[in-house]
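Here TrEMBL flags 20-43, 50-70, 90-112, 132-150, 189-217, 229-252, 264-284 as transmembrane segment. Taken from TrEMBL, the feature domain 'G-protein coupled receptors family 1 profile' applies to 33-282.
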Amino acid sequence: FNEFLLLAFADTRQLQLLHFWLFLGIYLAALLGNGLIITAVACDHRLHTPMYFFLLNLSLLDLGTISTTVPKSMANSLSNTRAISYWECAAQVFHFYFLISTEYSVLTVMAYDRYVAICKPLHYGTIMGSRACVKMAAAAWSSGFLYGLLHTANTFSLPPCQGNVVQQFFCEIPQILKLSCSDAYLREVGLIVISIFLLFCCFVFIVLTYVQIFTVVLRIPSEQGRHKAFSMCLPHLAVVSLFTSTGFFAYLKPPSLSSPALDLVMAVLYSVVPPTVNPLIYSMRNKELKDALK
């Protein structure tokens, strides 16, 4: 066959249109929030620092992630269809996993940036120079590209033989693997296990980094200094927590908890909510960003 059928959010026309308008509102909010951050960082020379350079990368990735899944789902609801072509599905899988993995790498680099800024402030200029930042960003994007390519090639090399209904609102690897009855799917499962291990290593690195950061911050004598350090770190920590908790639960929850409705909710939580909420989290307590936006 040359197409897959995605999971519909609703059966009745009224609910389909409600889903369309709801997703349109979320999508426009994500476009506006991330677009404003990208514009502010690109146009305001005061924000040409490593922290905002990585924030710009994060906003680009958030825009890409939500644009990969939401518009197709909206278009299907509007035109009362569930179909997605085979190649569209493969492109969706590649872009989604490429962008999500790159985003996690960028969040890990951002934790390191916060660590150097707070724990080694005298060496910040040399360690986080512009060349070093570009290299870190390039490593994050290229590793994400390879990750997405590897998973997509592996997943779509397995012939689907259990129908073409994907139990999700976008093409997601675990749901596509369920359609395969080839033993070769174990190869992709192995890749997913390795990916989870690498993501867990990044998560441990971020946690250890923040343990050291907070140890130093709590020793700062002035209350103003502590407040500035916390306002620098807490938005990043909130974004990492949201991204990790929803993603880990979606992929590591026990099979007994799995149901189409819960899988759908979890997919929305880890693929739609973070890109929409991230700009709000970052700009809420950030005076420099607020000033630049004004």
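Heads up, the Cβ atoms here are built off N, Cα and C, so glycines get one too.
Annotations in TrEMBL come from automatic prediction, not curation.
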Winner by Cβ pairs under 8 Å against the transmembrane segment (50-70), considering only 20-43, 132-150, 229-252: 20-43
Beyond the flanks of the transmembrane segment (229-252) by 6 or more, those residues with Cβ under 8 Å of it: 51, 58, 100, 103-104, 107, 110-111, 114, 117-118, 174, 192, 196, 199, 203, 206, 210, 213-214, 217, 220, 263, 266-267, 269-270, 273-274, 277-278, 281-282, 284-286
